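One structure is given here, and the rest of the page talks about it.
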């Protein structure tokens, strides 16, 4: 580990972000929240009611959310490009030979949203040619899911780019990314009969998110906040999606299938005990902080201990709890914690304001409450 990653010291001046960046960041986050809810609802609709036309309310949430994120990113880039000649911010980057300028997070989120909409057209063509399906592993659906992940990554980067950091936005972006990616990709792998994903993905996704949250902020409480947000998104989808499904079906004169399980399909695959994991990780890191031990090791150790809790006692996850399985789950979560911490160090190096906060007694070996 380099001295820079320990001290993260920077004497760079504090240059506030333009107001249009702040507003664009929250609009982009609102877009991914809409798409997340819409995808959860759309999957539930296919399970409980069956395939339908493209013009449904769940699809409206899905594609309007992607359009919202994409338009917010586009407008921020255009405004940044227009202002670049007179007052370019130091954290802006250029693409296409300098023709466009703006924060990297908006470029990532914008291209992800554009890809999502293009894969949506591909999905419509696919259904016209091959008929409607209810699987996640078709080519257009895989493209849609990967594009959504790219958009979410961009949304998270938006909140920590440049000389300002919006911690609530960053942690919320991480939480919605986990709440979306973990159950959806687990479900997709289950349809491919790859049940190992139920063992690997919880520790991988949650471990990366928790480590990033604490490594970027260097405040241990954000581990607990993130897991509470994941639990909140799970609860909203658990109760909201079946209710919306039933109301919408009755409004159209449809009836639910006899095979409908009566529970929300996507949130059912999200970890039940994530707040407990966040509480334990917070406690372990607070213990580590009091002794000024290396926090990266503490993060890896805390996640290795709590990793199995992400699938233990889960009624919908087909994982046997023998010692080998528990050891694998612990190893994956610990490795994800180690890697996530390093990614957080990289983000801090790209953010002078966070680096300057590191001079206030915060190093890679210590964390604050």
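The backbone N, Cα and C atoms fix where each Cβ goes, glycine too.
TrEMBL lists 23-41 (among others) with the feature transmembrane segment.
Feature annotation from TrEMBL assigns transmembrane segment to 61-82 (among others).
What TrEMBL records for 103-122 (among others) is transmembrane segment. Outside the transmembrane segment (103-122), and at least 6 residues removed from its termini, the chain residues within Cβ reach (under 8 Å) are 21, 24-25, 28, 31, 35, 62-63, 66-67, 69-70, 72-74, 76-77, 80, 89, 91-93, 95, 139-140, 143-144, 146-162.
Residues annotated as transmembrane segment in TrEMBL: 142-160 (among others). Remote same-chain partners of the transmembrane segment (142-160), defined as residues 6 or more beyond its termini with a Cβ less than 8 Å from a stretch Cβ, comprise 21, 24-25, 28-29, 31-32, 35, 39, 66, 69, 73, 103-113, 115-116, 119-120, 122-123, 136, 166-167, 169-170, 173-174, 176-177, 180-181, 184-185, 188, 212, 216, 347, 350-351, 354.
Annotation source TrEMBL lists transmembrane segment at 167-190 (among others). Residues 25-26, 29, 32-33, 36, 39, 43, 136-137, 141-142, 145, 148-149, 152-153, 155-156, 158-160, 196-198, 201-202, 205-206, 209, 212-213, 216-217, 222, 225-226, 229-230, 233-234, 237, 265-271 of the same chain sit 6 or more residues outside the transmembrane segment (167-190) yet have a Cβ under 8 Å from a Cβ within it.
The feature transmembrane segment is assigned by TrEMBL to 196-216 (among others). Listed as Cβ neighbours of the transmembrane segment (196-216) (distance under 8 Å, sequence separation of 6 or more from its ends, same chain) are residues 156, 160, 165, 170-171, 174-175, 177-178, 181-182, 185-186, 189-190, 222-223, 225-227, 230, 269, 271, 274, 277-278, 281, 285, 295-296, 299, 303, 307, 310-311, 317-319, 325, 328-330, 332-345, 347-348, 354, 364, 367.
The transmembrane segment annotation in TrEMBL covers 223-244 (among others).
Look at TrEMBL and you will find 264-288 (among others) tagged as transmembrane segment.
The transmembrane segment annotation in TrEMBL covers 300-317 (among others).
Marked as transmembrane segment by TrEMBL: 323-347 (among others). Residues 5, 8, 157, 160, 199-200, 202-212, 214-216, 295-296, 299-308, 310-311, 354, 364 of the same chain, all 6+ positions outside the transmembrane segment (323-347), place their C-beta atoms under 8 angstroms from a C-beta of that stretch.
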